[in-house]
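S.K.: Here it is, the structure, as structure tokens.
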Amino acid sequence: MSDVLELTCDLIARASITPADAGCQAAIAQRLRAAGFSCEHLRLGEVENLWATHGSGAPVLVLLGHTDVVPPGPREAWTSAPFDPQIRDGVLYGRGAADMKGSVAAFVVAAEQFVAAHPSHTGTLAVLLTSDEEGDAIDGVRRVAEVFRERGQTIDWCITGEPSSTERLGDLLRVGRRGSLSGTLTVKGVQGHVAYPHKARNPIHLAAPALAELVARQWDDGFESFPPTSLQLSNIHAGTGANNVIPGELQVAFNLRYTPHWDAPRLEAEITALLDRHALDYALRWHRSGEPFYTPEGRLRSVAREVLGEFAGAPPEESTGGGTSDARFIAPLGAQCIEVGPVNASIHQVDEHVRVADLQALPALYRKLIERLLVG
């Protein structure tokens, strides 16, 4: 069994359901220390974070990943136990195989190989891991970035190992992500009998024109490779369940995925002004998941394009699609950020898996990226 496959299996066997780490980072730190890295464990709240560095000075290249996984769901739905890694027909199965213990293991092996071959390399190679990516993402990289800001720690380049590939390893290069902003709107009315609407105020009727305007609005036309900003209503609830009662309250949950044309405060102000214009009696609660980031043409992006093209046999698609990642907390430090990882077809699903051949190739891919950036 290869080094990367053995380490991936060891990590999968640790049931690190978010925000638990289950000893993953301790095992990784032991390996990185043996390779000559300085390791710092940053326990913030109930979350484990690991900052491992080799070398000094600029440029600083960070390999960013997470050791936590989403819950596996019912055991009986899986072909084999989610935390018992199994290889069948050239495919490794287990929770975290693709998202993202395979990438983390490949980072570690690539870093070990790189510093063994280039012990006096230029700049700093760093590995940053958290156990709070799949959950609330409060005491993970978000908090670590605050610590870095206080210390004056700079980062030039960040490669996140999120599973970015779609059909074959290296076919997609993630060069940015949209921002995410969620809102919970409560519109207040007056409950009453449906036969006496003049004695009640129906919050559904009151809110409908405002919601229609929100849904119909075109926020922008997109930005570079970003699709247009989108607002989606995700949940609507009102009423008692009886068809003869006008509800006294309406609750609406919604989410915006937005381009760099916007930031959360401006979007919040726009939506608040719209609701005020409709003279609603309402309360609105916001949750900011992260601002958008975008890496323009530069050394990191051009090197990644070349390396992925060599591995995939064709230039990668360069995309800003998908959800959010921890790179959104690193980008505001001034870092150029990309995401490169295995195929994402099975992430968060029952029988999550990664092709063994892809896993075996990942360390060489990451090592080549590191060498092109820190050696030339």
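Just so you know, glycine gets a Cβ as well, placed from its N, Cα and C.
Per Swiss-Prot, the feature active site maps to Asp68; the stated evidence is sequence analysis. What Swiss-Prot lists as active site, proton acceptor is Glu133, and the listing cites sequence analysis. Look at Swiss-Prot and you will find His66, Asp99, Glu162 tagged as Zn(2+) 1 binding site, backed by sequence analysis. Residues or ranges marked as Zn(2+) 2 binding site by Swiss-Prot on the basis of sequence analysis: Asp99, Glu134, His348.
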S.K.: Who sits close to the residue listed as 'active site': which same-chain residues at least 6 apart have their Cβ under 8 Å from its Cβ?
M.R.: Ser16, Ile17, Thr18, Pro19, Ala20, Asp21, Thr130, Ser131, Asp132, Glu133, Glu134, Gly135
S.K.: Across all chains shown, how many C-beta atoms besides its own are within 10 angstroms of the C-beta of Glu162 (Zn(2+) 1 binding site)?
M.R.: 28
S.K.: Which Cβ among the binding-site residues (His66, His348) has the fewest C-beta neighbours inside 10 Å?
M.R.: His348
S.K.: Sequence gap of 6 or more, Cβ distance under 8 Å: name the residues on the same chain that satisfy this around Asp99 (Zn(2+) 1 binding site), in order along the sequence.
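M.R.: Val69, Val70, Glu162, Pro163, Asn344, Ile347, His348, Glu352 - these are the non-local Cβ neighbours of Asp99 (Zn(2+) 1 binding site), listed in sequence order.
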S.K.: So, in DSSP terms, is Asp99 (Zn(2+) 1 binding site) helix, strand, or coil?
M.R.: helix
S.K.: Taking 8 Å from the centroid of the Cβ atoms of Asp99, Glu134, His348 as the cut-off, which other residues in that chain fall inside it around the Zn(2+) 2 site?
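M.R.: What remains near the Cβ centre is Val69, Val70, Gly96, Met100, Ile347.
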S.K.: Which chain neighbours of the Zn(2+) 1 site, leaving out His66, Asp99, Glu162, have a Cβ atom within 8 Å of the mean position of the site's Cβ atoms?
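M.R.: Sorted by sequence, the hits are Gly65, Met100, Ser103, Glu133, Glu134, Thr160, Gly161, Pro163, Ser325, Gly341, Ile347.
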S.K.: Just counting, how many other CB atoms are there within 10 A of the CB of Glu134 (Zn(2+) 2 binding site)?
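M.R.: Step by step: centre on the Cβ of Glu134 (Zn(2+) 2 binding site), count other Cβ atoms within 10 Å, giving 22.
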S.K.: Any idea what DSSP makes of the residue listed as 'active site', helix, strand or coil?
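M.R.: Where the residue listed as 'active site' sits, the three-state DSSP reduction gives coil.
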